[in-house]
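Notes follow the structure.
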């Protein structure tokens, strides 16, 4: 196995698209071949070696490491199927888009559309992420369907838009409308939500440990539950939560919704 190490040479003023650099694709390539790969940069192309200092070494796993990265470096890990990508620094838009397997770790912040249409694998952002984490493409109604996304900091608006499956975990706070149009999967938010969680939600579950600042009136109070086992389907083994929660169902702007919303009672007594 090989590890490709890319060290960004300097400031990038025009966005660079990294979708051609995947762990599984570079295993049979030489250093010279990798250095000569043409990357889209704005309305032109540039060779990998023009933007990065390139190293190649043996590794236990197929791996790509990007050092000194910035938010102008986009589409990292797009359609990745296996291996590992480590980003030291910030990452641009569309990281892990349509990813099916493997693992991406960003040691920094990420721009919008982290894990758009994610199908499998794992993405960890050790920082903040902007809008549309785990969302669908514009105009599509099929969002993330598998895998796991973890944001250790805060996230922006409309995370989990049209979520169908998989898990999104936010360790910090989120802006408005997490789980909008959600149709499966689970969103766990350990911090506060600015409001409107689960708008037009049909299926799936949202768990909020912090405070829901602007709850939607179209959710139905189902009771107080202790250490609930959250099941997303009849065959699902379930996810065991610890603590006391206020349970709601919704969103009743839809017909016969099966969405579940759990709010930790210690931070949401005003919702009872």
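Every residue, even glycine, has its Cβ placed from backbone N, Cα and C.
As written in Swiss-Prot, here are the features:
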- 77-89: repeat '1' (REPEAT)
- 77-210: region '7 X 13 AA repeats of [GW]-X-X-[MLP]-X-X-G-X-[IL]-X-[IV]-X-G' (REGION)
- 96-108: repeat '2' (REPEAT)
- 115-127: repeat '3' (REPEAT)
- 141-153: repeat '4' (REPEAT)
- 160-172: repeat '5' (REPEAT)
- 179-191: repeat '6' (REPEAT)
- 198-210: repeat '7' (REPEAT)
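For the repeat '7' (198-210), the number of residues in each DSSP class (helix H, G, I; strand E, B; coil) is 0 helix, 6 strand, 7 coil.
Away from its own ends, the repeat '4' (141-153) comes close to residues 96, 99, 109, 114-129, 133-135, 160-172, 181, 183-185 of its chain (Cβ-Cβ under 8 Å, at least six residues beyond either end). Long-range Cβ contacts of the repeat '3' (115-127) within its own chain (Cβ-Cβ under 8 Å, at least 6 residues beyond either end) map to 77, 80, 90-91, 94-109, 133-137, 140, 142-153, 166.
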